[in-house]
C-alpha cells in the first residue's frame with residue numbers, strides 16, 4: 001500500500017513517546033501512521049443478514065476481512081476501487097451497509113458487551129451517524145435512541161444516514177451536549193459519548209490533521225470533554241452504562257478525563273474492563289481496563305474506548321431555567337390508528353408496538369414509545385419517521401417510511417432490473433416491460449425496498465426524494 005506524508009509537530013512526537021507503553025514500538029507507530037487507512041464497512045443487519053450480504057456480493061470479487069470486534073464489520077478491498085465509489089453501489093444506496101472506520105465500531109461493541117441490552121440509549125455526539133445506526137441495529141430497531149448533534153449543518157447528514165438504513169427508533173436533537181445532565185437526569189440505560197477531540201488518531205485518513213495541533217489546544221478540549229462526560233453521567237440512570245471514546249491518542253483527553261470523573265464521583269463510578277471484548281483486546285488494554293488503540297496494534301485508526309457503570313445516584317444539577325415549548329403532535333385515537341394501519345399494510349408498510357401513531361395537521365408520524373418520557377423535557381429536531389400526509393383521496397406515503405417499514409414480500413412489490421433501478425435512483429420514471437397491476441407499487445431491487453411508485457398506464461411515476469437523486473456513475477457501469 002502506498003505511503004503518504006503525515007505532518008507531525010515535534011511536541012506531539014514527544015507526547016506520544018511518553019504515552020506509548022513499552023510493549024509497543026515507536027518506529028512501528030510512525031510507520032503505521034504513514035500508511036493510508038484500510039477501507040471498512042459494516043453490514044446493516046436491520047436490512048440483511050451477514051451471510052446473505054456475503055452471498056449477494058460474492059460475484060463482485062470483493063475481499064472482505066472480518067473485523068475482530070464487530071461481527072458485521074469487514075475491511076474491504078476492491079480491484080475496481082476507482083471505477084465505482086463504494087457509496088454508489090446498489091447495496092449502499094439501499095442501506096445494506098454503512099461505510100465506517102473499523103476502530104469507530106469499538107465503542108458500540110463496548111456499549112453492548114456482556115449481554116447489556118439497554119432500552120433507552122443516548123448518542124451525545126451522533127453525526128454523521130455511523131454509531132447511531134450501529135446502535136439501532138444492535139437494538140433491532142426496538143427501544144429508543146436519542147441521537148444528538150451540536151453542529152446544525154451535520155444534523156441533516158445524520159438524518160439522511162438514519163433514513164437510508166431504515167431506522168425507526170431514533171429521535172434527533174440539536175444541542176450542546178452539556179445540557180442533558182440538567183434536562184434529562186437519570187433517564188438513560190446507556191449513553192455513548194464519542195467526544196469531540198483533537199483527532200490525533202485520524203492522520204492515516206487526513207495527513208494534515210495535526211496542522212493546528214498544540215498542547216494548549218489539547219488542554220482546552222479536555223476541559224470541554226470533562227463537562228460533557230459530567231453531563232452524560234448525570235443523564236445516566238443508576239446501574240446504567242456509559243462508554244466514553246475519542247479518535248485521539250494523548251492521555252489528557254482520554255484516561256485523564258475518565259479518572260477525573262471517578263475522582264469527582266468516587267462512590268458512583270465503576271470502570272468495567274474491556275480486556276475480554278474480543279480476542280487480542282489485551283494488546284490495547286490499559287491498567288485501568290480501557291482500550292488505548294495505537295494505529296499499529298490492529299492496523300486501523302488510533303482510538304480510545306472506556307466503559308463504566310453508574311453504581312448509584314448522584315446529586316442532581318440545578319433545574320433548567322428554559323422552557324421547551326408546546327409539543328406540536330397529538331396521539332392518534334385507536335380507531336383511526338387501526339384504519340391507518342390497515343391502509344399502510346395494503347402497500348406493504350407494517351410496524352410493531354414499539355412505534356405509536358401521532359398527528360400534526362395533515363401529517364402522520366410514528367414515534368418510538370420509549371422516547372415519550374422525554375417529551376416536554378427536550379426539543380426535538382426530528383422524531384421517529386414521517387409515515388404519510390393525508391389528503392382527500394387517502395394517504396401520501398413517505399419515502400423514509402417505505403425504507404424503514406416495507407416488507408419486500410408484499411403482494412404489490414415489484415422487482416426492478418438493474419437498469420430500471422439505476423433510473424429510479426436518478427429520479428426518473430421507469431417503464432417496465434410488463435407493468436404491475438396495482439396503482440401503488442412497492443419498488444424493490446435485490447429484493448430490498450427502494451421506494452413507492454404510482455402506476456400511470458405502463459409508467460411507474462418516480463417518488464424518490466429530490467435531495468437523494470444521484471448522478472454520475474452508478475452500479476450498472478460496474479456490471
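Each Cβ is built from the backbone N, Cα and C atoms, and glycine gets one as well.
From a predicted model like this one, the values you see are computed outputs, not experimental measurements.
The S-adenosyl-L-methionine site recorded in Swiss-Prot includes 125, 126, 127, 128, 129, 130, 131, 149, 176, and the single candidate from 189, 194, 206 that the record places there is 194.
Each residue contributes its Cα atom, and for residue 131 (S-adenosyl-L-methionine binding site) and residue 247 (active site, nucleophile) those atoms are 13 Å apart. Counting only residues at least six positions away in the same chain, the Cβ atoms of 103, 104, 197, 199, 200, 201, 202, 301, 302, 303, 304 sit under 8 Å from the Cβ of residue 247 (active site, nucleophile). Within the same chain, residues at least 6 positions away in sequence whose Cβ sits under 8 Å from that of residue 129 (S-adenosyl-L-methionine binding site) are 98, 147, 157, 158, 160, 161, 162, 165. When the record's S-adenosyl-L-methionine-binding residues 125, 126, 127, 128, 129, 130, 131, 149, 176, 194 are compared pairwise by CA position, the greatest distance found is 20 Å. Within 10 Å of the C-beta of residue 176 (S-adenosyl-L-methionine binding site) we count 12 further C-beta atoms, all protein chains included. Around the Cβ of residue 127 (S-adenosyl-L-methionine binding site), the same chain contributes 149, 151, 154, 155, 157, 158, each under 8 angstroms and 6 or more positions distant in sequence.
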